[in-house]
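**Q** Just passing along the structure, written as structure tokens.
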Amino acid sequence: MPELPEVEVVRRGLERWVSGRTVSEVEVLHPRAVRRHLAGGVDFAARLAGARFGAAMRRGKYLWVPIDEASASLLGHLGMSGQLLVRPADAPDEKHLRIRMRFDDALGTELRFVDQRTFGGLSLHANTPDGLPETIAHIARDPLDPLFDDAAFHTALRLRRTTVKRALLDQSLISGVGNIYADEALWRARLHYDRPTATLTRPRSAELLGHARDVMNAALAQGGTSFDSLYVNVNGESGYFDRSLDAYGREGEPCHRCGTPMRRRAWMNRSSYYCPRCQRPPRASS
């Protein structure tokens, strides 16, 4: 699933190619693509027709574009395979095209939502006074947000009876971090994924946050991480940070720091990749 860097790449593309434009027509081609819009596809299309898109926004893995003078927003969640593509209006339809939005200008491009697995979707929601779509108001700020509170994050870590990777994936504590960048940040910080959060000192949690920010910024500079053709930017181009990963997906390969073969362990219906030498498990962990 796309994580913060991949979603931010898409947000920047929407900001460049879609913000400021007015929707003229919407086609909903698959009902699952608007299943989170409870009023249904007909209402979704009718409400968007004539709407002017504001500045594209993001929090964690969610992105949205305000409409109706920011009283509501078009919210997007890419799921496992969702793509928001800006395409020439005369370009052939993609096989898994789910939603098409046309604009009232002469630029000759349209916005398409393409989703092979249909886990993602688009929906319209009222905004909170802070400008967030109401349905994601509970999502915490992400580590690249200038208003992210490092001290509050450390305090929350110390108070929670959990482990460090579980905490990194808790979107009510810190958003935007998924399996890939959690493993990368933990490798850089030399922390085992099962390390209890209560044992982290303030300097260690600050170091971990710093590594999370560094790896996400590095991924952003390379267009994000693409393991297949399902993650692309709005122009259909893949990122290439997968070539720079230090932990994720590197089972059996030498650690880039010490040369020890990297390991993979099943973890919460996912996998965790780590170096058994650099990231020693806590004593209570088997």
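In case you wondered, yes, glycine gets a Cβ from its N, Cα and C as well.
What you are looking at is a predicted structure, and each value in this text was computed from that prediction instead of being measured.
Per Swiss-Prot, the feature active site, schiff-base intermediate with DNA maps to P2. Positions annotated as active site, proton donor by Swiss-Prot, on the basis of sequence analysis: E3, K61, R270. Summarising the annotation, Swiss-Prot assigns DNA binding site to H96, R117, R160 and lists sequence analysis as the type of evidence. Annotated zinc finger per Swiss-Prot: 246-280, in sequence order.
Burial and contacts for the listed features, if you can.
**A** Taking the Cβ of P2 (active site, schiff-base intermediate with DNA) as centre and 10 Å as the limit, one finds 27 other Cβ atoms among all the protein chains shown. According to DSSP, P2 (active site, schiff-base intermediate with DNA) sits in a coil region rather than a helix or strand.
All protein chains considered, the CB of E3 (active site, proton donor) has 23 other CB atoms within 10 Å.
Within 10 Å of the C-beta atom of K61 (active site, proton donor) sit 23 other C-beta atoms, taking all shown protein chains into account.
Of all the Cβ atoms in the protein chains shown, 13 others lie within 10 Å of the Cβ of R270 (active site, proton donor).
Under the DSSP three-state reduction, R160 (DNA binding site) is assigned to coil, being neither helix nor strand.
Per DSSP, the secondary structure of the zinc finger (246-280) breaks down as 0 helix, 12 strand, 23 coil.
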**Q** If you skip the near sequence neighbours and keep only those at least six away, which residues in the chain come within under 8 angstroms of R117 (DNA binding site), Cβ to Cβ?
**A** G79, M80, S81
**Q** Considering the binding-site residues H96, R160, which residue's Cβ sits among the greatest number of other Cβ atoms within 10 Å?
**A** H96
**Q** Calculate the distance in Å between the alpha carbons (Cα) of E3 (active site, proton donor) and K61 (active site, proton donor), and round it to a whole number.
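**A** For E3 (active site, proton donor) versus K61 (active site, proton donor), the Cα atoms are 6 Å apart.
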**Q** Using DSSP and collapsing to three states, where does H96 (DNA binding site) fall: helix, strand or coil?
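**A** Reduced to three states, the DSSP call for H96 (DNA binding site) is coil.
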**Q** Any idea what the Cα distance is from R270 (active site, proton donor) over to P2 (active site, schiff-base intermediate with DNA), rounded to a whole Å?
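**A** With distance taken Cα to Cα, P2 (active site, schiff-base intermediate with DNA) is 15 Å from R270 (active site, proton donor).
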**Q** Rounded to the nearest angstrom, how far is the Cα of P2 (active site, schiff-base intermediate with DNA) from the Cα of K61 (active site, proton donor)?
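**A** That separation, Cα to Cα, works out to 7 Å.
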